[in-house]
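Remarks on the structure that follows.
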Amino acid sequence: MTPLHKAVLSLTLMIEFFCTDQYQPSMPNMATEFQVPPAAMGTSMQTHQLFTGLGVLLLAPISDVVGRRPVILSFQFVLAVSTLTCGSAASYDWFMLGRALQGFSGGAVAAAVLASIRDCYDDEVERQQANGSIFAIMLLGPLVIGAYLADAYGWRLSFFLITVVVSALGLLSFWSLPETAPPASKEPFFASARRVLQDGRWLQILVLIFYKGIMCMLDASNVYMLETQYQVPLQRAGLLVSALALAGLLGSVFAGGVGQRPRDLIWFCVPCLLLSAACTAFVGIRLPSQLAGYMVATCLQHFLLLTANLSMHTSFTQELSDIAGVATCIEMTSTFFFGALISLPGLAVASSHGVPGMLLGMSGAVAASQLMAALSNAAS
């Protein structure tokens, strides 16, 4: 994979990630403008995740047949249109329609990008390094940029700027993106799906569902906690949520740069995440009014979750190079659909019980995920 190829794939994923994260600090103001409860704006995250799963489900297997390049190019265009819809939305319903289309097109693009990485790297350590660098670029600084733009010019400007950037990226992809997919497998879809779920990979999917659900709950609740529970102003909230993104970025860099096999790194993360879950529960019970304790607990969780998530994702497709699209389809569809669904109870608890409910719910989910991660790693 050439540096230009990697840069195009990284920027493509970064833009899809940016579409969600840049407006998080503005959600309370958007709820007021659209005259809906704050929790309703939070569900825009779940809507995006669900339709991302649908996009992956339909387009990832198709990328095994028609190739990665046509899928990426086509749905970069849809992503631009859907982002313009969000920025132009006159009502909550139009905004949610734009978010659903963003999720669908973003899922299609992300599935093809991740399958393309599997096409290019056979060695799992090299693939983990590539995933780490691409995920790190994806996480770079959207939140603080979104907060400052929203504070100065309103939340819509970010969506309009993203539309321009996605359109330009589509042109760059058209001229520079090569095809990486191997010859299409003649194996029927359900036979491929059965192979994907063998050798303990179904348990890996369950762990990834919990990781996605925890991160989705944190993304949907975090800004409300900062602005309502801790009375943090918009720009400072953007900086603090960017600190959370930075923790995830460092987790991705660590996973990619440590040079360990994914399975070894998963074993490293199990006790660390169990300890961080205990610390998070302690903050939720004893120090819920302390902003510093809240930030340390959530940033530590995010660092370790991104490390563990990237290692588990890299390990998942190791033996499935000929059906990388189908494998990506099953992994991402499951994690986005069910991750969004299991985050909803956590979002409800966070809305009704504030910081203590959010942190205790998150710590319980992390502890459960690590018990499954240990079983999954032992079975593989």
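The backbone N, Cα and C atoms fix where each Cβ goes, and this holds for glycine too.
In TrEMBL, annotation is done automatically, which means it is predicted and not curated.
Listed in TrEMBL for this protein:
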SIGNAL    1-22  signal peptide
DOMAIN    1-380  domain 'Major facilitator superfamily (MFS) profile'
TRANSMEM  96-117  transmembrane segment
TRANSMEM  129-149  transmembrane segment
TRANSMEM  155-177  transmembrane segment
TRANSMEM  202-225  transmembrane segment
TRANSMEM  237-258  transmembrane segment
TRANSMEM  265-285  transmembrane segment
TRANSMEM  291-311  transmembrane segment
TRANSMEM  323-348  transmembrane segment
TRANSMEM  354-375  transmembrane segment
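Ranked by number of Cβ pairs under 8 Å to the transmembrane segment (265-285), the listed stretches 96-117, 237-258, 354-375 are led by 354-375. When Cβ distances are compared across the two stretches, the transmembrane segment (96-117) makes contact with the transmembrane segment (323-348), since 3 or more pairs at least 6 residues apart fall below 8 angstroms. Of the Cβ pairs linking the transmembrane segment (323-348) with the transmembrane segment (155-177) and spaced 6 or more residues apart, fewer than 3 are under 8 Å, so the two regions do not touch.
Listed by sequence, the residues of this chain that lie at least six past the ends of the transmembrane segment (155-177) yet keep a Cβ under 8 A from its Cβ atoms are 4-5, 8, 11-12, 15, 18-19, 22-23, 26, 29-30, 69, 72-73, 76-77, 79-80, 83-84, 86-88, 145-146, 149.
Of the candidate ranges 202-225, 237-258, 354-375, 237-258 has the most C-beta pairs within less than 8 angstroms of the transmembrane segment (291-311).
This prediction places the mean pLDDT of the domain 'Major facilitator superfamily (MFS) profile' (1-380) at 85. Among residues of the same chain six or more beyond the transmembrane segment (202-225), those with a C-beta under 8 A of the stretch's C-beta atoms are 20-21, 24-25, 27-28, 38, 42-43, 45-46, 49, 237, 241, 244, 294, 298, 301-302, 305, 308-309, 312-313, 315-316, 330-331, 334-336, 338-343, 346-347, 350-351, 354-355, 358, 361-362, 365-366, 368-369, 372-373, 375-376, 379-380.
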